[in-house]
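Taken from Swiss-Prot as is:
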type: BINDING; residues: Asp8, Glu9, Asp95; note: divalent metal cation binding site
type: DOMAIN; residues: 2-184; note: domain 'RNase H type-2'
Amino acid sequence: MAKICGIDEAGRGALAGPLSVAACVLNSEISGLNDSKKLTAKRREELFKKITKSSNFLIAYFSNAQIDELGLSECLRRALKLFKAHFESFEIIYDGNLDYGVGITTMIKADGKVAGVSAASILAKVSRDRLMNGWDKFYPAYGFAGHKGYGTKSHLDAIAKFGYSDFHRKSFVIKPKLAQSSLF
């Protein structure tokens, strides 16, 4: 059986910040791997260190401006195409149900089933979270370190009070009903 290159992303549904897409080929077994959303932040950091020391990986970032210009689907397609070219001798498994025309294997919930995809999930999440923690220092009023750019009540409240920052995705529209019930 061919060695597996797992791919997953973080930040897909966020209102601010980048989309982080990671590809990972594990060179040794790492215990405790799972979908990054099912792990604590502390455990993700521990596993991130192990993964980066014992695997081949790439992480692609797409800024909020690139997401606004290209759209999420095109950003994902470009990352998958890059990873397919870089890891061409591996079986590539992407967590999801769309291959974006790239010709790779997709698997729903692969981040909880395939070790390489779990590792990619952790790489994407931890690297993006670290970026959001850094951006929190430039935009403290928005609380990025807490919600990581996702549409929590506190984030929606900050947008209502301060407007969009340069780090927000302008193409992501907050639905009026949600804005009225959550923002005011």
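Numbers run from 1 along the shown chain.
Each residue, glycine too, has its Cβ placed from N, Cα and C.
Note on Glu9 (divalent metal cation binding site): other Cβ atoms within 10 Å of its Cβ, all shown chains, come to 26. Neighbour counts of Cβ atoms within 10 Å were taken for the binding-site residues Asp8, Asp95; the minimum is at Asp95.
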